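Beneath this line is the structure, given in structure tokens, with notes to follow.
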């Protein structure tokens, strides 16, 4: 019966667990690819042999980490597990569609890995720009397999988004208004709306690329009246909301973790937090061309995209200062999730500041496609999204499993990881300012020192990842039972114990909503 339970599951907790395991596995693959990248760049000269294989590894690293690690863990894992529990819903709105959303991902990952294994692989970068992604520069099936992989991952995400939106709107208790749902639920809702609106545009772009490659159309070929810049507009209209999709659930997680370990019953400025996330979601759709400052846009177009991009810093600042205000006056408990959350707040802010630098179109002309950009988005992803995932995972691990992690090991893991990621990515700001371009497998000797330091940092991060695997093994091996949790009134997910029973809220939940002052 076990294989039936896991293959045909319609239970949000089981599907959430599948997502978490799949995401962890993909995370290992993505980490391995990143170690190969840093090994190649650890000294001048070549290690892997040629630029194509290097670019295939870079492309696969990006796709695996985005579509098969961060999104499945944050939206599929945490979303499935927590949204029904926080709402008091018996399950997701469409349980079988939920199962399909998950099972589209392994074939998608298989297609992506297959694309690297046939012909010369897809060495296009994750943006898959034509003409490099066209059938002259990339003959063979590699790019086509990548496109099919993205189609499957996209369908999976769209179905998941529909499911979450329906669940959050329709499956609340009758007396609960939208403004009484927890911030994590809000973050998943806004993320789902972004997915629903942006992914079809990506699907259109890569389908046109597919027909350009195979059916002799010329959407992106100037010889037939097309324009490669059209592809960039379509891709980034998806690509920019996508980066907010990656971080928004993290915002929700951090709000919960900070409030919990500061001993507060709610985060500071609930409504401000909600509206800030909505503002970020909306603004995320009208800034896409800041990725294209170097393609030759009008000065007034550049001025608009610079200003609009800077505006996003305002709601982001609202969130950062609200987290700090939540800490204020609290009885702070220095458990591991709190360390991850504080690391998130600091490092995400650093990444945000370099984002403000890059939003200036005139500066971006110089910094575009240099390691400054790599440093920027790895600060918000490798230290934003990943730190949020770690904060949430360590915080809710007793809920998911009924066991507790070893606090000492978990703190050591945080310290090693913190050192590793900063050592890896901080020097890349210097490389970028010195003009080292991205996506090259070799570099002039002048860049050697910072690259060596960056590669040492990646090895430290690898040790941290391996230590985390050990910590997980230790927890399941020692089987320390989780006993009690604090603040049950405002943290509904813990209500049924650790772990909760297979079915929760089989009868509608009673929710007291008239909070007396």
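Backbone N, Cα and C atoms are what each Cβ position is placed from, and that goes for glycine too.
Since this is a predicted model, take the numbers as computed values, not measurements.
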Annotated transmembrane segment segment (source Swiss-Prot; candidates 95-117, 118-140): 95-117
Further Na(+) ligand in Swiss-Prot, beside 40, 45, within candidate set 361, 362, 382, 441: 441
Listed in Swiss-Prot for the Cu cation site shared with 290, 291, one of 240, 335, 376: 240
Among ranges 270-286, 491-507, whichever one Swiss-Prot labels transmembrane segment: 270-286
Residue 4 vs residue 177, same side of the membrane according to Swiss-Prot: yes
Integer Å distance between the CA atoms belonging to residue 378 (Fe(II)-heme a binding site) and residue 290 (Cu cation binding site): 18
DSSP residue counts for the topological domain 'Mitochondrial intermembrane' (358-370), split into helix, strand and coil: 9 helix, 1 strand, 3 coil
Whole-number Å value for how far residue 378 (Fe(II)-heme a binding site) lies from residue 244 (O2 binding site) (Cα to Cα): 14
Nearest-integer angstrom distance between the alpha carbons (Cα) of residue 45 (Na(+) binding site) and residue 61 (Fe(II)-heme a binding site): 22
Contact yes or no, the transmembrane segment (270-286) and the transmembrane segment (183-212), 3+ Cβ pairs under 8 Å, gap 6+: yes
Top Cα neighbour of residue 61 (Fe(II)-heme a binding site) in the set of binding-site residues 40, 240, 368, 376: 40
